[in-house]
Amino acid sequence: MKERTIQPVNNGLNGNITIPGDKSISHRAVMFGAIAEGKTTIKGFLPGADCLSTISCFKEMGVDIVQNGDEVTVVGKGLEGLQEPKAVLDVGNSGTTIRLMSGILANTPFFSCVQGDASIAKRPMKRVTNPLKQMGANIDGREEGTFTPLTIRGGDLKAIEYTSPVASAQVKSAILLAGLRAEGVTAVTEPHISRDHTERMLEAFGVKVTREGKTVKLAGGQKLTATDVQVPGDVSSAAFFLVAGAIIPNSKLVLQNVGMNPTRTGIIDVLEKMGATFTVEPINEGASEPAANITIETSSLKGIEIGGDIIPRLIDEIPVIALAATQAEGITVIKDAHELKVKETNRIDTVVAELTKLGARIEATDDGMIIYGKSALKGNTVNSYGDHRIGMMLAIAGCIAKGKTTIEDAEAVGVSYPTFFEELQKLAK
């Protein structure tokens with residue numbers, strides 16, 4: 001277990017930063033390239049532990065993948081060309097890998113066994129396995145398919161019209177990917193619109209996808225044609241530096257090539273509502289995944305209420321939004337965020353526990369948290385509990401805390417942002 005010590009930043013964070021590739025898009029680019037016909041070149045790929053797990057799983061199924069830093073080439077096998085894996089498919093810490101890949105495995109007529117690390121073993125899989133079983137896949141796991149390891153024998157699927165109880169891009173994507181080889185038209189309806197990277201990328205690979213309000217449909221039997229993918233920077237990773245720029249005195253940061261997919265930009269809307277000073281300059285209008293350069297500087301923030309339709313657009317950013325709220329005048333209420341409980345950790349509990357250790361006034365609710373600003377934070381020993389987003393949030397908190405902050409299990413940040421601590425150090429000089 002590696003520790004990191006964070007010292008207070010006295011002269012602000014200043015400079016330009018290129019945000020590493022979007023994790024969600026990197027996963028999908030590898031998966032879709034693997035089941036497409038032809039060669040896909042991916043630029044801007046995120047070489048973090050999670051996305052490398054996706055590469056290793058598809059290599060295990062016979063796909064020729066070469067990764068060199070942030071560039072990847074995938075020689076696709078087509079939908080029918082994957083080979084039965086001889087070994088267990090290990091997804092590491094990646095919930096995206098196991099859930100999306102389950103949709104592909106469900107439509108493939110071979111046997112596979114999928115597992116991950118201790119965190120994955122606690123995450124609920126029935127939200128994905130139940131609809132896949134309804135389509136005809138034979139899936140089992142611990143506690144009747146609730147937890148990993150999962151065994152999947154796929155093939156011979158029938159399309160379903162599924163109403164998901166949760167707004168989850170992973171659930172939606174698994175069903176749509178299974179639907180690629182199902183008989184009929186597969187439809188998924190959600191309570192709120194979740195991130196739409198799967199729909200956008202399927203269209204880029206030549207699949208016809210229909211969107212009507214909160215429902216997405218696709219017909220089975222469509223083929224994917226290889227295409228080159230340019231991955232923008234990950235807005236979820238950018239969020240830590242957006243908040244840092246706003247709350248650390250004497251800061252001004254320029255974040256380059258930040259993905260601006262409208263299903264992901266809740267953090268931008270929240271910072272604007274809180275009163276942050278920033279500008280957004282679009283750089284690739286017309287691309288299937290829009291991006292922008294964002295300049296942000298130290299700001300006076302105010303407490304707000306966050307809930308409803310915006311929650312799926314910022315679910316991964318809530319830990320660092322909570323930190324921003326500790327430095328805002330007034331009370332911030334975050335509600336309708338039950339999904340925080342089934343992330344790498346129960347993020348309601350971990351955010352409240354760790355920020356409390358630093359002196360924040362924050363309390364948990366059943367579906368979120370209440371933060372009382374403005375708090376003067378004090379350095380302490382805190383823990384990421386193996387959750388990359390908790391680790392990065394605590395590092396930014398350490399920058400404004402009085403005295404040193406020691407983060408236990410700090411290496412967890414490598415899941416999505418391997419160079420995070422180096423970037424932070426560089427901007428603090």
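Cβ coordinates come from backbone N, Cα and C, glycine included.
In the record from Swiss-Prot, residues K23, S24, R28, S168, Q170, D316 bind 3-phosphoshikimate; the candidate from K59, K133, K341, K343 listed for the same site is K343.
Take the Cα of K23 (phosphoenolpyruvate binding site) and measure to each of the binding-site residues S168, D316, K343: the nearest one is D316. Spatially, by CA atoms, the binding-site residues G95, R123, R347, R389 include one closest to S24 (3-phosphoshikimate binding site), and that is G95.
Taking the C-alpha atom of R28 (3-phosphoshikimate binding site) as reference, the shortest distance to any of the binding-site residues R123, Q170, R347, R389 belongs to Q170. Using CA atoms as reference points, the binding-site residues S168, D316, K343 were checked against R389 (phosphoenolpyruvate binding site), and the closest is D316. Look at K343 (3-phosphoshikimate binding site): DSSP puts it in coil. On the backbone, the CA of S168 (3-phosphoshikimate binding site) and the CA of G95 (phosphoenolpyruvate binding site) stand 12 Å apart.
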